[in-house]
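For reference, TrEMBL has these:
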{"type": "COMPBIAS", "residues": "297-310", "note": "compositional bias 'Basic and acidic residues'"}
{"type": "COMPBIAS", "residues": "331-345", "note": "compositional bias 'Basic and acidic residues'"}
{"type": "COMPBIAS", "residues": "352-363", "note": "compositional bias 'Basic and acidic residues'"}
{"type": "COMPBIAS", "residues": "426-435", "note": "compositional bias 'Acidic residues'"}
{"type": "DOMAIN", "residues": "63-169", "note": "domain 'Cyclin-like'"}
{"type": "DOMAIN", "residues": "186-269", "note": "domain 'Cyclin-like'"}
{"type": "REGION", "residues": "277-369", "note": "region 'Disordered'"}
{"type": "REGION", "residues": "402-435", "note": "region 'Disordered'"}
């Protein structure tokens, strides 16, 4: 049976920052990153299409992908991959035709991108199913009966197969992508916020909306995922702790705060430009200065912990929460209810084995620490802390008194009912049980 400290170390290993993609994948991704000025000189814009119209057609093409994907019950990652293919394709080919050069309609490119993405992500669908779904979405008739002998059916089928070769050549066969969804989920796991539904939904919505824009052509997928977490954290008033070296959380992940704020400001401008059905006012989306002081960032928890001049109490390198609901290590990793339940079951198992061998159960020895903590009116759950860590009772009481803002001697500590705690000098030796 592993020791509790070994279990904590093993659990900490599982909460590591998301690993970087392979070097080849990073190099391939940098080839498809552009500046905002370069996005104003796409083939469609150079042919006379207004930039606003080009962004609108891109958005409509991605929306076509989403509707067809929902009809085919495709996963979100496949739809995100298809949207990236569409945006990259229009960096090489125009939307509208000109004399001597044909254009590519956004619906047709969207259907081809989705067809290619289903192969890349190994979520293949039959060509017949894809064509029927495209015809229904394009004609805005979800219940339309499409016959294989119809002219419309064969037109869509031929367009998809022809455009597939053109798209593969346009995107230089760069088919391996790292969608931001997986990175975002790994970030939520790393910070222990995977069960924060409000934060998770807000970040997920940010990534979904970014697929409709050219954000994938401005920033790597890792920056997009981090920006989604940053904006949702500001929206939900959630902050993340610095690491043991005092570095902010975005440096631990390996993303520049200036890039994060630029991406958030870009999406805020997009949101501001969309007409609101509820009649929202301009300026309702917060913009961040790219040169603002990092120490004053709302998503950092380090400064808020230092307002009273004290650092959070630690025992054996772990931060003890004053609410007793969780224990964290120096990197901000939470020790929640699930870890406590698992360790409690292991402690019970160890106690049963000791009793079977005629030895004194460690559970009985820990009960003394539990009674003393209850007498002190401690908010920390001793069963969760003491069962998990090998912490002397005197150290635990000292930390709790400092956390509660009192420096009274241990013999004078009382709870709300006036019960006096036992003197620390009267503690029994480890392994002994009072009669």
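Quick reminder: no glycine exception, Cβ is built from N, Cα and C everywhere.
Mean per-residue pLDDT, taken over the domain 'Cyclin-like' (63-169), amounts to 94. For the domain 'Cyclin-like' (186-269), the DSSP counts in helix, strand and coil order read 56 helix, 1 strand, 27 coil. Residue counts for the domain 'Cyclin-like' (63-169) under DSSP, split into helix (H, G, I), strand (E, B) and coil, are 69 helix, 2 strand, 36 coil.
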